[in-house]
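Chemist: According to TrEMBL, the protein has these features:
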TRANSMEM  92-114  transmembrane segment
REGION    122-152  region 'Disordered'
COMPBIAS  127-145  compositional bias 'Low complexity'
DOMAIN    169-278  domain 'Pyrrolo-quinoline quinone repeat'
DOMAIN    296-348  domain 'Pyrrolo-quinoline quinone repeat'
DOMAIN    361-441  domain 'Pyrrolo-quinoline quinone repeat'
DOMAIN    452-514  domain 'Pyrrolo-quinoline quinone repeat'
Amino acid sequence: MDNNDDQYQEIDSGPHSLPEERQLFQSLSLYYQSYADQNRESLEAAWQRIQQRQFSRTTKNNLQEEMHTERIISMQSRVQQKKDRSRWQRPVSQLIAVALIGIIVGSLAIVLNLSSHKRSHITQHNSTSTAGSPSASTGSPSASTRPPQVEQPSGIYITSEETANQFAVSRLDKTTHAIIWKHLVGSINSKLTVTSDAVYVSGYDQTNAYVFALNVKDGSERWHVQLGSLNVGLPGSFSEPLGFLTRPAEAGGSVYVQQRSGKLFSLDAQTGQINWSYDAQKIAFYDGTIYDPASVSVVNGVVYSGVLNLLFAVDAKSGKQLWRQEVESDQIVTSPVVDNKMVYLASASASKHVGGQKLTGYVYAFGAQDGQKRWTHAADSWILSDPVVANGRVYYGSYGFTVTALDAATGKDIWNYPLGGEVFASPIVDNGVVYVQAEGNATPGKQNTAPSEVFALKAEDGALIWKQQTGSTPEAVQDGIIYSSDFPRTLATFNASDGSMNWTIQVGADLLDKLNNHVGSAPEIVVIP
């Protein structure tokens, strides 16, 4: 890091640098000063990792993540994002998780969120936390561009970065790709949730976190709710927000969302008013690193979610806790997936700031009603994205360059396939085929020169159908078309049958950083037939 002081200063103070970039490097600088003697080699390797991922992937998972995505230990923020996100989201919400996880070797975004596609970041904890007060309102600090209304919600729903601090949610025509409507919502740190009448997304500004509800027909705002912020103090004047929210989930007339603070909220889907809140009594902060909480799943009147190594279930109507279970203390869980009266989730070991870093990960199965553990499967490395359950099997990709299929009832291996890079985003299973991206970047401590590729494998036995060299991350598959997001600001589509390119467009503004690098976030994508 010492060799990069001039570049740090440009990023830290340059007029074109983003606030999240400045805070990232300031936090890294503080961290480095504390541990320089012990971790110089690891930090240099992590810096190389950050550079490679920042310029070859999306900023979708930025410091605030997640968007992405969804989550690199969302980081489950692709730094959610590319993808947690967050972007890494998604933000630098997988960049950071990997970077920091690399640092020690210390997303995700998750990053993961960033998150999108989908992508957390490193901080030093030395003060107490304070919480903001939730409030709901109609009208908004946002603006809409609305063409004539359409009658059906069919379309391609995306996020796009319009300025350094403002994103938009848009609906595109599936055939012409023309914008039907666009709505500005400030910074976004989650994936979209699209229902028959609304689009929900989580966002933030300098002091608060919000949930927005937009009319699915014309993009007008129905409501937004402010859920406050909870900050962890850092040395000097820095602080890190724990108020960031997960992707909203809608069920039974309510919208559910969770904060990094461990608080789960139920909101009225029509008004945004808070129905109830549940406190998991655990914040997404562990050993100097902030992670994203798990996104919410709602099935049969029960809300399932998690934070750090905790999985819990609460009644959807009352918010009363039904059960809670913890996995290994050093594991950070992904979002739960509920199928056939079972709850499945994966995990990755937390960042180690002192001592050796073990890249461990697991897949777990719990009973949905009683929370009792049914089985545990040890993976070959971190699992930085949610598992996928289909046709009695659990599919997951790992940081150890593999994608694996397990028997959902027993957790036994059915097949695994070696890839050319790490997996940050969840596989997609459609029509008997598993689609997964392997990112061909460097791994901590050694060089990986393989290109980024998307693989199509037979879901039954893992046999290769095709692979395509591309940096795009599959986000959805509809009607034989793979919809993917890429950095910078690219929505690309491929034919699911053979991986050939279909069409591609660029969305949002063409943003440049201090060094004239294109930094527009990769879009989050939801496709409604």
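Placement of Cβ uses the backbone N, Cα and C atoms for every residue, glycine included.
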Chemist: Short question: most Cβ pairs under 8 Å with the domain 'Pyrrolo-quinoline quinone repeat' (361-441), which of 169-278, 296-348, 452-514?
Modeler: 296-348
Chemist: Give the residue counts of the domain 'Pyrrolo-quinoline quinone repeat' (296-348) per reduced DSSP state, in the order helix, strand, coil.
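Modeler: Helix, strand and coil residues of the domain 'Pyrrolo-quinoline quinone repeat' (296-348) number 0 helix, 34 strand, 19 coil.
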Chemist: On the 0 to 100 pLDDT scale, where does the domain 'Pyrrolo-quinoline quinone repeat' (452-514) sit on average?
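Modeler: Summing pLDDT over the domain 'Pyrrolo-quinoline quinone repeat' (452-514) and dividing by its length gives 95.
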